[in-house]
Structure formats: structure tokens, C-alpha cells
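Engineer: Below is one structure. I have some questions about it.
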Amino acid sequence: MPTPKAFALLGPTAGGKTALALKIAETLPVEIISLDSALVYTGMDIGTAKPSASERAFVPHHLIDIITPVQTYSAARFVEDCTRLVGEISSRGRFALIVGGTMMYFRALTQGLNDLPEADACLRADLDEQKQMYGLDFLYRTLQQVDPETACRLKPNDSQRIGRALEVYYLTGKPMSTHLGSPTSHTLPFDLHTAALIPENRARLHENIALRFHLMLEQGFIGEVENLRRLYPSLTADSPAIRCVGYRQAWEYLDGKTDFPAFVEKGIAATRQLAKRQLTWLRKTPLDCVTDPFSDGNSCTRLIEAAKRFFGA
């Protein structure tokens, strides 16, 4: 049996990935595997710019709406799910198209996973209790002592990642920075061609981000977050689902911690920061094909042709 193949289409948020993926689907018999950690959640449609029902009816999409916002999803599970799906799609005589911008997942897929321990509910509860008693700053200072390298790259208010770094240290006796620095041996079980949309005009990308955020508001984003609060009372601002860009800012607005103009400003700024981080990852990622979606009028045609050549179609 021939080795399965997958074509990855990467890029920053609001960079045109979805539109291009649908163009490819008009030409080739593809199925889309979402590379987006926010799209896995049900009930989070507007703020994640989730593909519409008509778009999902036009071409099969995978790894969308697979868990509730109170459940968790991981890079390890993505690697497992994506690898399985590439094989299944290939067995149907169709082509796997991996589309998105969650670069941590893509790195895990292509470079392997570090040997980090699973989350420990008892230890996490103990850390949460310490945070309630002494404050997040206490946990951050503790992390600075046991793992200064990780503490240096985390923001002092990043509760989830500070807690996870301390959890790893207490479970293994080694700082997370040591684990992440350990080499991993990894071989993909399928052939992969990696293409990326990298816009050089940052102002144009920022404009797209602002326009899309305002469109989300018009579509009822605040109502969507209010519905999440009603359906899932256990959700908090620190829940992984609510840490998705835009949702954290909307949550704070609904908590009365900010006014509406400040919420909008913070939401747009956070989305721009996400795009900046994605572009930083992309520039460090080995790529087979790169195009600028804003300045290259033939980017769509060139990527479709690259996909055809790769799949032998």
C-alpha cells in the first residue's frame, strides 16, 4: 500500500487560509483536517471564525466540534487524531488537507512530543489552593526559583502555563525547560508537503483582523459568550476554552472588569499578538512553498498547482 500523503496549509489568523482551502477543494477531492485548537469546541462558532455549515457541507472537515468547552484537548491527541485521519482519508482515495495556524500542534506532529507527564488532578488542585491562598504571584515566584528559564518566557499572569510548569517540575523533579530541550526521535507515518501564507504587509493583516473582529461582534459574539456562561457554569477565565483569543477579553467584559470600547481594543490587540506569534513560528518552520496572500495575485493558482503535483493529480 502506498504511503499516505497530506498537504499542510499554514498561516496566521485572518490570513486567508480558509478561503484558499475551499478553492483547493473546488479542484481536488480533499478532506480538511483542522489545525486549530479553538475549533475543537462546540458552541464556540462566531469567535473562532468556524467554517460555516455550507462550507462544511461542501467539503468534509475533521477535528471541529469534537469536545465541549469544559473538556480539554492536547497536542498529543491532535497528533494521534491527525495521523489516523490522514490514513483514513487516503484509504478513501481522497487527499488530506491540513489547514490552520496552531503551530504548537504542527510542531508536535512533525517533530514529535516531549516526554511530559499527564496532568495530575490532585497536584493541580493543590496548586489552585495555593493560588487562592497566596495569589498567582506566589506561584510565579516559586517557578522563578525552580525553573527560571520557563518563568522568563511566561507572563506573570499566565495562570495556566505557570501551573503546568510547576506541575511538571513537582511530578518529575526536572524543570519543564529541561524536558523541552531534550531531543526527540520522530518519523511521520505519511508524506507531508508544507505550504504557508505569509503576508509581508503587516498593516493589511492588522486591518483584516480588526474588520473580522467587528464582524464577529455584529454576528453576536457577546451573546455566544453569554450562552457559554449559562450552559457551562464551571467555566472560568482560566479555562482552556476561554483562553482562546477574544473569549478571554469578552469574559472580562461580561464580568464588568472593562467597558465595551476597551474590550474591543483588547480583543483586536490580542488577535494581532496571536498573528505575530504565528508568523514567528512559521519563519522558523521548514516550508516547501511560501506565498504572500496579499501581494501575490497568483498565490491561489500556485498553491493549487503545488497540491496537484504533490498528490499526483
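Glycine is treated like the rest: Cβ placed from N, Cα and C.
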Engineer: Give the range, chosen from 237-242, 243-248, 279-284, that Swiss-Prot lists as region 'Interaction with substrate tRNA'.
Structural biologist: 243-248
Engineer: Indicate whether G16 (ATP binding site) is helix, strand or coil by DSSP.
Structural biologist: coil
Engineer: In whole Å, how far is R124 (site 'Interaction with substrate tRNA') from T13 (ATP binding site) when you measure between their Cα atoms?
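Structural biologist: Roughly 32 Å, rounded to the nearest whole number.
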Engineer: Roughly how many Å separate the Cα of G11 (ATP binding site) from that of T102 (site 'Interaction with substrate tRNA'), to the nearest whole number?
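Structural biologist: Here the two Cα atoms are 9 Å apart.
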Engineer: Inside 8 A of the center formed by the CB atoms of T13, A14, G15, G16, K17, T18, which other residues of the chain have their CB, for the recorded substrate site?
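Structural biologist: Not counting the recorded site residues, we get G11, P12, A19, G101, L197, N208, P293.
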Engineer: Cβ within 8 Å of the ATP site centroid (G11, P12, T13, A14, G15, G16, K17, T18 excluded): which residues?
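Structural biologist: Going along the sequence, the neighbours appear as G101, L197, P293.
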Engineer: Please give me the CB contact count at 10 A for K17 (ATP binding site), counting all chains in the structure.
Structural biologist: 21
Engineer: Can you tell which of P12, G15 has the most other C-beta atoms within 10 Å, given these are the binding-site residues?
Structural biologist: P12
